[in-house]
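In what follows, a structure is listed as structure tokens, so that the remarks can point back to it.
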Amino acid sequence: MKTLLLTLVVVTTVCLDLGYTLKCNKLVPLFYKTCPAGKNLCYKMYMVATPKVPVKRGCIDVCPKSSLLVKYVCCNTDRCN
């Protein structure tokens, strides 16, 4: 009975994700990082003058406001940035 219970616990732990963690792209989208607790948004920062070339990507807790020179795009799904 103990073996059955232990097996059930192990299978449940393996099958269920015990804490969802967001994955965000780094500057080079081939690589990504797992965000720490509390950082539940991915972001991409780029210069307004060159919108096709991101300057920075990563995890963040609150999406910053864009300015006349810098634009931020935020999202909340895996590798969406």
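Please read every residue number as a count from 1 along the shown chain.
Note: Cβ is positioned from N, Cα and C throughout, glycine not excepted.
The signal peptide annotation in Swiss-Prot covers 1-21 and rests on similarity to another entry.
A strand conformation is recorded for Cys24 (disulfide bond) in the three-state DSSP classification. Positions annotated as disulfide bond by Swiss-Prot, on the basis of similarity to another entry: Cys24-Cys42 (among others).
Residues or ranges marked as disulfide bond in Swiss-Prot: Cys35-Cys59 (among others). The local packing around Cys35 (disulfide bond), expressed as other Cβ atoms within 10 Å of its Cβ over all shown chains, amounts to 19.
Around Cys63 (disulfide bond), the C-beta neighbours below 8 angstroms that are at least 6 residues distant in the chain are Leu41, Tyr43, Tyr72, Cys74. Swiss-Prot lists Cys63-Cys74 (among others) with the feature disulfide bond.
Residues or ranges marked as disulfide bond in Swiss-Prot: Cys75-Cys80 (among others). Taken residue by residue with DSSP, Cys75 (disulfide bond) is part of a strand. Cβ neighbour count for Cys75 (disulfide bond) (all protein chains, 10 Å cutoff from its Cβ): 15.
Under DSSP, Cys35 (disulfide bond) is assigned to coil, being neither helix nor strand in the three-state scheme. The disulfide-bonded residues Cys24, Cys80 differ in how many other CB atoms lie within 10 Å of their CB, and the one with the most is Cys24. Residue environment of Cys59 (disulfide bond) contains 22 other Cβ atoms, counted within 10 Å of its Cβ in all protein chains.
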